[in-house]
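Read through the structure below, which is laid out as structure tokens, and then see the notes.
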């Protein structure tokens, strides 16, 4: 058959591994159709895509209206009827022809030339089908048809089947669509408390036709593992040992007789060759060919996370040859040399002697160095993955590094991240704590389910293992810390059964699969855990979890903390004391500008039905489109947080009042996170030796009230600015016990060497005048803070200070210090500013700061000054037309100080008109009635 040019969407792309003579057709692009026999409707289709997106583009459903609705799937026929994609193709004859699908969401039957090819039932797996014989016998134009089933309907059918596993009532968590735990699909597609329940279907990743002649091979997947000689996943690697490179390639095609493998490793920046030659100990197992080599331990330049050194990367090319030295397959991957280790080992005698409390460690070590993990949790950035572009993720990751974050927890259950997202993380130095896609549920453990999961685990572990940004594999989200206690309360007598099922899936199945495919990554069975008692890889349950076998006064594992009782939001005695904080937070509203993207003007008020229905905290718990009762609880929590601590907005204009309320919820959220992050970072020098803070959550999936610090279009909330500030390397922090009046000031550093400097403590009233005798507080305190440590520099009680009026007082803390960033040769200066008020913001005797703002085209900076009083929470806001962030925001500004602030534009144009519409406000504006 002759290949028609118009039918070949794109010949071999640079990212496709191939050999000369191989024919690969990338099926991405237009030319597909989306059909429904039930509706008798056909519209143009695309690949990759999902059904909703093609229907949006075809005008069948309205994207704006549909995105407002809570349950699009209930109101449109999407997901209830089979969706079929067709692609006409006319291909030349080759010895073998394969269909390769990198991702089908989720339940499909596939035909080619009207012949059944196969079926799929896992969104997270790569599938390939041999259609050689079908093509040879095909008498018509070959056509690919992919029939997609409704995931909610199929999940319900599985749940109703006689052999379906059941759990005690009240244990399984339904957000909107039920029964998500029976299927291997993105769990949040069925609804979550921060996003919609669209349950999309479609070919969400690329697909290919692969044709080979003779002994040609197509590379399906590649597992490159870089580790120190002798390294074992759960033990600290010996940094003095040479590097072992293990290259394993999964192929399509006949495995050659006595294959050989060669490798070339080049510096990605300079092109210089680090190593080249034949791999040793080449073995064949199934369709995988594997070989190893050794590299001198000091030869490669190490890869470091952001803030700890350079992100040195290498291009690694692996070639497979037959016994005649003919090249059969070649693949190139970009990688880096690093060790990353999650230390869960028992506290040693040396650590006890240093004042660290007994128990077990729970922290990360990069290239042998313990470090403080600063970051957040990333959720799916869109309800439809085909809309997630490289440019969009680059913008998001720019915000991550600009926010002084070095780690993201890739939450389950979204989806395993695309390779290009790991590539971006490699470049920017962002560690990605990755998880298998199980969350807040108990899962089946029948043979078919476990077999499906095993293939999913092996494929994804091998696929992303070469990325130096990969930091951890965790079994799932909150399974040990939430689900096991829930089932214990629901069925105490059957608890041991469910613990056994948990161990069967996450320890007996997944752990060995991870260890068999990587030596370089640690595995934890659950995101939040008390750690393990011991590891015995030859045992049926190779890791003995600690569970509740803890000792009072000892600390184990990481913490997960949410408390919606706003009366204790700033009482740090309620915060958990542990080794690492992997989740904590509180929700807030997005900005007015973001609401205007999705909501009609008449709905822009706090308790409008549309605003309330887009708030999924708390979720409906089922298929209801009138979730006002549960939503009102979450809306009420935000309201109570504002009313307890901040001036209550009361604008005469309804839209302005709505905007002020949105901003007020962000102030509460940001201050609450700041309070916790300061507390956790201070823990680095406390007995708990706390070495990680990952707040919930980084970004939004749509325009709605959520825990996010970055809104759907990339606009930063107050939270992300405040987190950026408090994640600086050296910070000064006040800790106030508002019950006893005790005030402590600490300096905290995450540098790897001691740092020195001074902190100026200055009391002023809210007009900006200094308070006499500095209220009895020393004006300057010198400090020395140890590596990864904290030190108390000042302690007092508010009752002992000579403050004329607590409501008219603010303490300005200004740090100036010197230290050395990791892997740098010279010291640098560090500055940080914080503040403290002896009453909550709502009780302050605020003065109008009379803010003024100007812009210099020459310096491209805004200048802000207060001419009337102290400006608290000084907030620069920008209009639509560009996306980016200010160099600093939500800061305290004293009268007479001119502060220059630049704007980093990530998208759009900063025009003269745009600049004129940039505004500035403060806490004063929140209480003023226009």
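One-based numbering along the chain as shown.
Positions of Cβ are set from backbone N, Cα and C atoms, glycine also.
Cβ environment of residue 478 (active site, proton donor): 439, 440, 526, 527, 528, 560 lie under 8 Å away, each six or more residues apart in the same chain. Classification of residue 478 (active site, proton donor) by DSSP places it in coil, neither helical nor stranded. For 478, the entry in Swiss-Prot reads active site, proton donor.
Residue density at residue 246 (N-linked glycosylation site): 20 other Cβ atoms are found within 10 A of its Cβ, drawing on all protein chains shown. Annotation comment: Swiss-Prot describes 246 (among others) as N-linked glycosylation site.
If you look up Swiss-Prot, you'll see 281 (among others) marked as N-linked glycosylation site, on the strength of sequence analysis. Long-range C-beta contacts of residue 281 (N-linked glycosylation site), restricted to its own chain and to partners at least six residues apart, with a cutoff below 8 Å, comprise 291, 292. Following the DSSP three-state reduction, the secondary structure of residue 281 (N-linked glycosylation site) is strand.
Annotation note: residue 315 (N-linked glycosylation site) sits in a strand segment as assigned by DSSP. Every protein chain shown contributes to the tally, and the Cβ of residue 315 (N-linked glycosylation site) ends up with 16 other Cβ atoms within 10 Å. The feature N-linked glycosylation site is assigned by Swiss-Prot to 315 (among others).
Summarising the annotation, Swiss-Prot assigns N-linked glycosylation site to 346 (among others) and lists sequence analysis as the type of evidence. The Cβ neighbour count for residue 346 (N-linked glycosylation site), using a 10 Å radius and every protein chain shown, is 14.
All chains included, 14 other C-beta atoms sit within 10 angstroms of the C-beta of residue 607 (N-linked glycosylation site). The annotation N-linked glycosylation site is assigned in Swiss-Prot to 607 (among others).
Sequence-distant contacts of residue 630 (N-linked glycosylation site), defined as residues of its own chain at least six apart whose C-beta falls under 8 angstroms from its C-beta, comprise 618, 619, 620, 621. Reduced to three states, the DSSP call for residue 630 (N-linked glycosylation site) is helix. Sequence annotations record features per position, and here Swiss-Prot assigns N-linked glycosylation site to 630 (among others) based on sequence analysis.
In sequence order, 571, 573, 743 constitute the residues six or more apart from residue 737 (N-linked glycosylation site) in its chain with CB-CB distances below 8 Å. Per Swiss-Prot, the feature N-linked glycosylation site maps to 737 (among others); the stated evidence is sequence analysis.
In sequence order, 779, 780, 812, 813, 814, 816 are the residues near residue 760 (N-linked glycosylation site), counting only same-chain partners six or more apart with C-beta under 8 A. The N-linked glycosylation site annotation in Swiss-Prot covers 760 (among others) and rests on sequence analysis.
Annotation source Swiss-Prot lists N-linked glycosylation site at 782 (among others). Around the Cβ of residue 782 (N-linked glycosylation site), a 10 Å sphere holds 10 further Cβ atoms from the protein chains shown. In the three-state DSSP scheme, residue 782 (N-linked glycosylation site) falls into the strand class.
Note: residue 789 (N-linked glycosylation site) has non-local neighbours 684, 685, 748, 749, i.e. same-chain residues 6+ apart with C-beta under 8 A of its own C-beta. Reduced to three states, the DSSP call for residue 789 (N-linked glycosylation site) is strand. For 789 (among others), the entry in Swiss-Prot reads N-linked glycosylation site, with the evidence type sequence analysis.
Reduced to three states, the DSSP call for residue 797 (N-linked glycosylation site) is strand. The N-linked glycosylation site feature in Swiss-Prot is assigned to 797 (among others); the stated evidence is sequence analysis.
Take the CB of residue 823 (N-linked glycosylation site) and look out to 10 A: across all protein chains shown you find 14 other CB atoms. Residues or ranges marked as N-linked glycosylation site by Swiss-Prot: 823 (among others).
Annotation source Swiss-Prot lists signal peptide at 1-21.
Put simply, 315 is the one of the glycosylation sites 246, 315, 346, 607 whose Cα lies nearest to the Cα of residue 823 (N-linked glycosylation site).
Nearest by CA distance to residue 346 (N-linked glycosylation site), out of the glycosylation sites 246, 315, 607, 782, 797, is 246. Closest to residue 246 (N-linked glycosylation site) by Cα-Cα distance, out of the glycosylation sites 315, 607, 782, 797, is 315. With a 10 A radius on its CB, residue 797 (N-linked glycosylation site) counts 11 other CB atoms from all the protein chains. In the three-state DSSP classification, residue 737 (N-linked glycosylation site) falls within coil.
Among the glycosylation sites 315, 607, 782, not one has its Cα within 10 Å of the Cα of residue 797 (N-linked glycosylation site).
Look at residue 607 (N-linked glycosylation site): DSSP puts it in coil. For the pair residue 782 (N-linked glycosylation site) and residue 315 (N-linked glycosylation site), the C-alpha distance works out to 48 angstrom.
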